[in-house]
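**Student:** Here it is, the structure, as structure tokens.
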Amino acid sequence: MSGTTAKLLARHQFFQGARLAARRNPYRCLSCSAQNAQQQNTPPPPGQDAPKTTHFGFETIAEALKEQKVGAVFSSVASSYDTMNDLMSLGIHRLWKDYFVRNLNPGSNPLTSPSTTVQGWNILDIAGGTGDIAFRMLDHASTINNDAHTRVTVADINPDMLAEGRKRALETPYARSPRLSFVEANAEHLTNIPGNSIDLYTVAFGIRNFTNKDAALREAFRVLKPGGVFACLEFSKVNNSLFDAVYKRWSFGAIPLIGQLVAGDRDSYQYLVESIERFPSQTEFRDMIKDAGFLVPGRGWEDLTGGIAAIHKGVKPIKAQN
Amino acid sequence: MASPLKHSLARPLVQSSSSCAASRVLLLPASQRFFSVLNRPPPNYEGHIPLTKVERGALAIGSALWSFRDPRRGDLIAALGEATAQPFFIDHLRNRMLLSPTGRRILRDRPRITSTTLSIPRLRSLPSNTVGYAYAAWLDREGVSPDTRAAVRYIDDPECAYVMQRYRECHDFYHALAGLPVFREGEVALKAFEFANTGLPMTGLSVFAALTLKKREWQRFWEIYGPWAVRNGLLADDVINVYWEEELETDVDGLRTRLGIEKPPDLREIRKAEREAMKRAKEAKESGTVLS
């Protein structure tokens, strides 16, 4: 009995030793031998001042490059943007956007609002290239509030997304009216928009792509009228940890795969899910909004679908804060 | 008496093997370690994306169905190839390369075929019976370029990833060698040949695209090109072991004889003749009806 177990033990240890030896040299493939011989490890040249870096998904890149890389992502997803949104959120993004607009209630009924006010709201929709939010705002103002003067300016940094938006606008009644305009603008430097001119500043699923969110928040503060509202719809942190586990696995497993099958572009969707992961939490973002000078109503945010998305609001104070 | 002894010997064995198992797991390459999509292991080569088994299965099924519906999505066919080649088939192909001296040289040198490494104008200037001329002529006739091949991303072992990349880049050379054109009928016939020769599952699955062929095309595949593909694929030498960069100036027919491949009937000529015959029959019928 002990003889056979001793033999088993010896054999086990012999194979373990062989496995250890094999593990020490992982690269046993034929072509790697030639390559290992050729490779000479040159030390990297000493860097000059390290450029300021930011994150691009989970990558760390130079700040100057982020805009360009995000631009490339959105140019490549522009035409299949809606299909992808539908697949990624299983169509729920439509409900979120509907609720976002309904909750903001744009437009003021001319019969009930005081006659001294300027007719209609001046709404600025940032990063709203394909026009999802803009069309909903205009429809809500026209049909629910009977306001035919509310106008929306859609600003986006990416001309391909704007082109897509202009194309879709043709199917709405606002295409050639003064109520809808499309401009190419960088949210961090809104040079064409005068200060204190906007009633409602919205950004839906755009701010997580900005290189400098604080700069965008400050610009928002500048262009809003006193009493104007800043509203942001964005992906956020899920509250429930069990749901979060499922949601993260769906995000990192299924979404890049769907991106590959539908759009032939795994990398853009990998970036998208990584940028969602990197976005600050609800409380952190509310604090950033406060730091820009906004007054934050109540808790400052509202969770949608368990925290997958969140609506953050801020109001520009009427009197300057001391 | 025996049981306490067995017990005391068994327990240290179990303990040591479990701690060794834990440390062993950390050192295993991506293809053997269990990981989730949230903590993928680091890539083994540039562009490498380690996939979990579920992801790989989903990619295989999704790309198979989608590329069946839309065969123009070459990137999905490529992804299908990568998702289904592991763990056995691509290793087997790589081992067959290792068995041949030329295959070993290819694996050592790792040459890449792009429009920069191969000068197409130079190939056009070669004598018309050479492999290089046939390849350039075929590229011109079909209107394609060697740069349209996607990089391999989902195969874990770097050497097997190179074998897959090499197969993908040499696909146009196989077209030139066989003389088969680039539309569906020719591609299906070539894929059947590649399946018989290389054994990659994607090539075999691509033959299901033959179900979408028209009746006459299917008949031709069943009678001529299918049997040609199986016969030649199985009996010929491995085409993956041909060092194309060195064979550019050799005689095409000589290469075919060396490999043991017979040239199939020219598919474009057959289709052209068939189209003309149908046109003549239609004209005859119309003139017949006009006269009568």
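Backbone N, Cα and C define each Cβ position, glycine as well.
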**Student:** Pick from B:E159, B:E185, B:E187: which one does TrEMBL list with B:H171, B:D172, B:H175 for the same Zn(2+) site?
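**Tutor:** Among the candidates, TrEMBL records only B:E187 at this Zn(2+) site.
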**Student:** Over all shown protein chains, what is the count of other CB atoms within 10 A of the CB belonging to B:D172 (Zn(2+) binding site)?
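**Tutor:** There are 21 of them.
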**Student:** Residues with Cβ closer than 8 Å to the Cβ of B:E187 (Zn(2+) binding site), same chain and 6+ apart in sequence?
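**Tutor:** Within the chain, B:E187 (Zn(2+) binding site) has Cβ neighbours under 8 Å at B:L180, B:S206, B:A209.
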**Student:** Any idea what DSSP makes of B:D172 (Zn(2+) binding site), helix, strand or coil?
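**Tutor:** B:D172 (Zn(2+) binding site) sits in a helix per DSSP.
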**Student:** Taking every protein chain shown into account, which of the binding-site residues B:H171, B:H175 has the largest tally of Cβ atoms within 10 Å of its Cβ?
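**Tutor:** Of B:H171, B:H175, the one with the most crowded Cβ is B:H175.
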**Student:** Which are the residues of the chain, B:H171, B:D172, B:H175, B:E187 excluded, whose CB is within 8 A of where the CB atoms of the Zn(2+) site average out, their centroid?
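**Tutor:** Apart from the listed residues, the neighbours are B:F173, B:Y174, B:L180, B:V182, B:L190.
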